[in-house]
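Report on the following structure.
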Amino acid sequence: MSNATLLTAFILTGLPHAPGLDAPLFGIFLVVYVLTVLGNLLILLVIRVDSHLHTPMYYFLTNLSFIDMWFSTVTVPKMLMTLVSPSGRTISFHSCVAQLYFFHFLGSTECFLYTVMSYDRYLAISYPLRYTNMMTGRSCALLATGTWLSGSLHSAVQTILTFHLPYCGPNQIQHYFCDAPPILKLACADTSANEMVIFVNIGLVASGCFVLIVLSYVSIVCSILRIRTSEGRHRAFQTCASHCIVVLCFFGPGLFIYLRPGSRDALHGVVAVFYTTLTPLFNPVVYTLRNKEVKKALLKLKNGSVFAQGE
């Protein structure tokens, strides 16, 4: 970090909202956060205890649920504190650094993971006979490890570049958590180079992953159309549709914010709610809980037959 940094704390302005809505918003986001954590924990438990779900697709889903649980935890609790009292808006300099790092670490890891998951679906649908030999346990572990390491490297670069600048003036961040674009507006130095790096760094990562996902699904659709049975086509389309919904909910708001560095602060905050708060809640519902195999596993878990099966 730069030796010229003089600030010891920042003030978060919080989520843009009309006066008098603090209590209702606190209640809404508290419920959303609790449901997000419980929903993703339930998915982790079900996949862990049901041997029928020990497949590559659900292996990657456990990674996704784990990420979503913590991705929401990085930002939502602090947002709730800003709604409770003015003192909750203060965040120390080092806490801000940590929040920025883990936000981009988990966010970029999820971005890479979506790409890996689309590749997994491509192999499963396009090469069903060779799929088990191609997507082995070792291959899954290597792909998952690669996403975590890539996310860590990406976030480290982003965090170092952001806090290498001196911060000695205003300390009010126009956002409900520490993110690079609003933080850079407080720097006591020229930030044009940093903004360009953010645009290229995040833009290339997110756009690159999104393009690879689109290409994967174009190939998947072509393979699905060659499936002879209508039941097989319907099942393949259903699986892919769930993934596409989640991908659009995650990438759409993210690309909108980081590829528009001059966007308004209020708009930035509102759009950020979608991928920091709502997407982690949607994932267990859209991507997993609507799945027939998971529903069966949940029923077995409720009746206790899953644990009896493992004995």
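Cβ coordinates come from backbone N, Cα and C, glycine included.
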Per Swiss-Prot, ASP50 shares membrane side with HIS268: no
Swiss-Prot annotation of transmembrane segment - which of the ranges 139-159, 160-180 it falls on: 139-159
Listed in sequence order, residues with CB under 8 A of CYS96 (disulfide bond) and six or more positions away: PHE10, ILE173, CYS178, ILE183
Considering the transmembrane segment (99-119), which listed stretch of 53-73, 139-159, 197-216, 269-289 counts the most C-beta pairs under 8 Å: 139-159
The transmembrane segment (139-159) versus listed stretches 53-73, 237-257, 269-289: most Cβ pairs under 8 Å: 53-73
Same-chain residue ranges lying at least 6 outside the transmembrane segment (53-73) that approach it to Cβ under 8 Å: 33, 36-37, 40-41, 43-44, 46-47, 102-103, 106-107, 109-110, 113, 116-117, 120-121, 124, 135, 139-140, 143-144, 147, 276-277, 279-281, 283-284, 287-288, 293-294, 297
Considering the transmembrane segment (24-44), which listed stretch of 197-216, 237-257, 269-289 counts the most C-beta pairs under 8 Å: 269-289
